[in-house]
Amino acid sequence: MQDEDGYITLNIKTRKPALISVGSASSSWWRVMALILLILCVGMVVGLVALGIWSVMQRNYLQGENENRTGTLQQLAKRFCQYVVKQSELKGTFKGHKCSPCDTNWRYYGDSCYGFFRHNLTWEESKQYCTDMNATLLKIDNRNIVEYIKARTHLIRWVGLSRQKSNEVWKWEDGSVISENMFEFLEDGKGNMNCAYFHNGKMHPTFCENKHYLMCERKAGMTKVDQLP
């Protein structure tokens, strides 16, 4: 462009530089970082949960294995202890054994302790006598018990078998009825014989007011493994 004096004037417009949106870039960066942190946190939580589940499963497994070993050890210990007790009985020197969970003068067999007492008592008195020792009158519910008791006493002894009336069924103290063919039951047809005693492998009904010796039974505890010979 030429001015009045003949000089050429250049009209140059300076371009303004584009402004960078600092706020927008900063916001995007924080979002990325927040997403990364969220993913890391979720991953840590999932990892901790998985670790916790694995830890519980491992503990349960080890506990189960330990219980199985303990149960197996107890079974072996029980059998061996009862073998030792039986041998002492066969030798006629029965004094019990330290491995037995039963008290002195109680016999250890199966899962129970058996007490043979020479006290002349009525059936009700015998029942109370056993109760006072945290036991019950003997219940015979399998053939092994029949043979075990038969081999260890030849005396008349009360057991926990009775009935309310002569026309009612015989029941054990826990309310269960006698099993068929478990033992020979000698019924003589006389009325009011509502209590039973055991003698030489057979069950006999008799009057509850009669006085006889008795047999008590209670659950055995754990075999004392550390006392085995």
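For all residues, glycine too, the Cβ spot is worked out from N, Cα and C.
Taken verbatim from Swiss-Prot:
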type: TOPO_DOM; residues: 1-33; note: topological domain 'Cytoplasmic'
type: TRANSMEM; residues: 34-54; note: transmembrane segment
type: CARBOHYD; residues: N68; note: N-linked glycosylation site
type: DISULFID; residues: C102-C113; note: disulfide bond
type: DOMAIN; residues: 109-217; note: domain 'C-type lectin'
type: CARBOHYD; residues: N120; note: N-linked glycosylation site
type: DISULFID; residues: C130-C216; note: disulfide bond
type: CARBOHYD; residues: N134; note: N-linked glycosylation site
type: DISULFID; residues: C195-C208; note: disulfide bond
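This view paints the features noted in Swiss-Prot onto the structure.
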residue	record	DSSP (3 states)
C102	disulfide bond	coil
C113	disulfide bond	strand
N120	N-linked glycosylation site	strand
C130	disulfide bond	helix
C195	disulfide bond	strand
C208	disulfide bond	coil
C216	disulfide bond	strand
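It is 16 Å from the Cα atom of C130 (disulfide bond) to that of C195 (disulfide bond). A gap of 14 Å separates the Cα atoms of N120 (N-linked glycosylation site) and C216 (disulfide bond). Among residues of the same chain six or more beyond the transmembrane segment (34-54), none has a C-beta under 8 A of the stretch's C-beta atoms. Around the Cβ of C208 (disulfide bond), a 10 Å sphere holds 19 further Cβ atoms from the protein chains shown. Cβ neighbour count for C216 (disulfide bond) (all protein chains, 10 Å cutoff from its Cβ): 27. Fewest other C-beta atoms within 10 Å: among the disulfide-bonded residues C102, C113, C130, C195, that description fits C102. The disulfide-bonded residues near C216 (disulfide bond), taking a 10 angstroms Cα-Cα threshold over the set C102, C113, C195, C208, are C113. Here C102 (disulfide bond) is compared against the recorded positions N134, C195, C208, and the shortest C-alpha distance is to N134. Mean pLDDT across the topological domain 'Cytoplasmic' (1-33) comes to 58 in this model.
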